[in-house]
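A.B. asks: So Swiss-Prot lists these for the protein:
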- Y95: active site, charge relay system (ACT_SITE)
- E135: active site, charge relay system (ACT_SITE)
- H85: heme b binding site (BINDING)
- Y188, R204, Q205, Y206, S207, C389, F390, G391, P392: FAD binding site (BINDING)
- G268, V269, G270, Q271, T272, P273: NADP(+) binding site (BINDING)
- 1-136: domain 'Globin' (DOMAIN)
- 150-255: domain 'FAD-binding FR-type' (DOMAIN)
- 147-396: region 'Reductase' (REGION)
- Y29: site 'Involved in heme-bound ligand stabilization and O-O bond activation' (SITE)
- K84: site 'Influences the redox potential of the prosthetic heme and FAD groups' (SITE)
- E388: site 'Influences the redox potential of the prosthetic heme and FAD groups' (SITE)
Amino acid sequence: MLDAQTIATVKATIPLLVETGPKLTAHFYDRMFTHNPELKEIFNMSNQRNGDQREALFNAIAAYASNIENLPALLPAVEKIAQKHTSFQIKPEQYNIVGEHLLATLDEMFSPGQEVLDAWGKAYGVLANVFINREAEIYNENASKAGGWEGTRDFRIVAKTPRSALITSFELEPVDGGAVAEYRPGQYLGVWLKPEGFPHQEIRQYSLTRKPDGKGYRIAVKREEGGQVSNWLHNHANVGDVVKLVAPAGDFFMAVADDTPVTLISAGVGQTPMLAMLDTLAKAGHTAQVNWFHAAENGDVHAFADEVKELGLSLPRFTAHTWYRQPNEADRAKGQFDSEGLMDLSKLEGAFSDPTMQFYLCGPVGFMQFAAKQLVDLGVKQENIHYECFGPHKVL
């Protein structure tokens with residue numbers, strides 16, 4: 001526990017943190033990667049280049065300072081970050097490195113004096129221990145469950161299937177021939193790659209796209225413009241190649257009773273975790289209402305349409321609606337979308353009038369903000385809306 005003086009000292013630095021903004025974390029990362037370049041093998045350097053990770057870390061530091069006397073308020077954020085950390089295989093000793101550079105950054109940017117540095121040192125130590133302990137629990141859970149493992153495990157690509165102009169699915173089975181750990185629908189795999197020509201090892205998280213079967217995993221990858229890893233997977237990864245995987249993780253998952261109605265809302269590649277949820281509901285014979293609402297640019301980039309249709313046929317109460325923002329002539333001829341333009345949920349209000357319905361959202365942040373606002377305006381409670389950001393977390 002932190003004493004009152006330490007808490008007061010840390011909270012007194014909040015205005016300075018807010019004024020400085022992500023410049024603080026930019027300095028921190030530049031310093032850390034200069035002194036500890038080996039950490040480039042762990043961090044997603046693409047998120048470093050576009051600034052997303054710097055913004056996310058700054059928001060986390062500011063949130064911690066603001067809630068330092070109320071740590072339970074931070075537990076949902078801690079769980080999200082701890083789950084992600086396990087896919088990077090973060091170890092306790094790396095927290096010492098981060099703490100060293102955080103304090104050095106505060107000193108170099110602000111020269112706040114030893115009292116402030118000592119207070120932040122204590123505060124960081126408390127937070128680091130929260131993460132270390134939770135991550136140890138997750139590592140132990142992953143290693144002890146049936147088909148689970150520690151660290152990375154070699155998997156072979158057994159199928160590679162283009163699903164649209166931008167999305168390709170990969171089916172993976174363990175090289176050792178053993179069983180694989182089950183997961184909750186909505187969770188992701190940690191994929192570790194360092195092909196020839198890559199300056200650093202790259203680690204990515206890709207959502208699992210079907211119900212667990214104990215034999216292997218399926219992920220789907222969108223080709224991102226300029227994306228080093230996604231383009232390598234699309235262009236160079238082949239059936240028979242071996243990649244390293246970390247056990248499934250993630251705090252975004254579906255957990256509902258048989259009589260709970262569910263709405264799955266997605267845009268683009270955001271449908272990937274929703275596919276695992278829909279597959280799980282279909283194979284469980286879910287009796288309550290299930291809605292599938294999806295937005296895509298057009299039919300060329302709309303993946304898994306046939307699979308969704310087939311799964312929906314096995315559900316007794318299923319409604320699907322697809323929006324194409326800019327349908328092409330082939331889309332119009334085939335009639336494979338329901339509405340043109342942006343997703344407008346107000347026209348489907350009757351499909352989710354049940355107050356117990358749970359809503360799961362995934363897609364670009366702007367899309368999720370747009371969809372969540374519509375839901376709230378239609379009377380949906382915030383606690384019934386669950387969402388996942390690909391990349392560093394952002395609040396809707």
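Cβ from N, Cα, C; glycine included.
Thinking about packing and proximity, how do these listed features fit into the structure?
C.D. replies: Less than 8 angstroms from the CB of Y95 (active site, charge relay system) sit A128, F131, I132, each of them six or more residues away in the same chain. Y95 (active site, charge relay system) carries a helical DSSP state (H, G or I).
Taking the Cβ of E135 (active site, charge relay system) as reference, residues of its chain lying under 8 Å away and at least six apart in sequence are, in sequence order, A82, H85, T86, I90.
Secondary structure at H85 (heme b binding site), as computed by DSSP, is helix.
Here Q205 (FAD binding site) comes close to K84, S87, Y188, L189, G190, V191, A249, G250: these same-chain residues lie at least six apart in sequence, with C-beta atoms under 8 angstroms from its C-beta. In the three-state DSSP scheme, Q205 (FAD binding site) falls into the strand class.
Under a cutoff of 8 A between CB atoms, and with a sequence separation of 6+ in the same chain, the neighbours of Q271 (NADP(+) binding site) are H294, A303, F304, V308, C362, G363. Annotation note: Q271 (NADP(+) binding site) sits in a helical segment as assigned by DSSP.
Sorting each residue of the domain 'Globin' (1-136) by its DSSP state yields 113 helix, 0 strand, 23 coil.
Y29 (site 'Involved in heme-bound ligand stabilization and O-O bond activation'): 19 other CB atoms within 10 A of its CB, across all protein chains.
Counted within 10 Å of its Cβ, the other Cβ atoms near K84 (site 'Influences the redox potential of the prosthetic heme and FAD groups') come to 19, all protein chains included.
A strand conformation is recorded for E388 (site 'Influences the redox potential of the prosthetic heme and FAD groups') in the three-state DSSP classification. Every protein chain shown contributes to the tally, and the Cβ of E388 (site 'Influences the redox potential of the prosthetic heme and FAD groups') ends up with 24 other Cβ atoms within 10 Å.
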A.B. asks: Give me the CA-CA distance between F390 (FAD binding site) and G268 (NADP(+) binding site), in Å, as a whole number.
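C.D. replies: Distance (Cα to Cα, whole Å): 12 Å.
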A.B. asks: Quick one: which of these recorded positions, Y29, S207, E388, have their CA within 10 A of T272 (NADP(+) binding site)?
C.D. replies: S207
A.B. asks: Can you tell which of G268, P273 has the least company, meaning the fewest other C-beta atoms within 10 angstroms of its C-beta, among these binding-site residues?
C.D. replies: G268
A.B. asks: How big is the gap, in Å, between the Cα of G268 (NADP(+) binding site) and that of S207 (FAD binding site), rounded to a whole number?
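C.D. replies: S207 (FAD binding site) has its Cα 13 Å from the Cα of G268 (NADP(+) binding site).
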A.B. asks: Other residues with Cβ within 8 Å of the Cβ centroid of G268, V269, G270, Q271, T272, P273 at the NADP(+) site?
C.D. replies: S207, A220, K222, S266, A267, M274, L275, C362, G363, F390
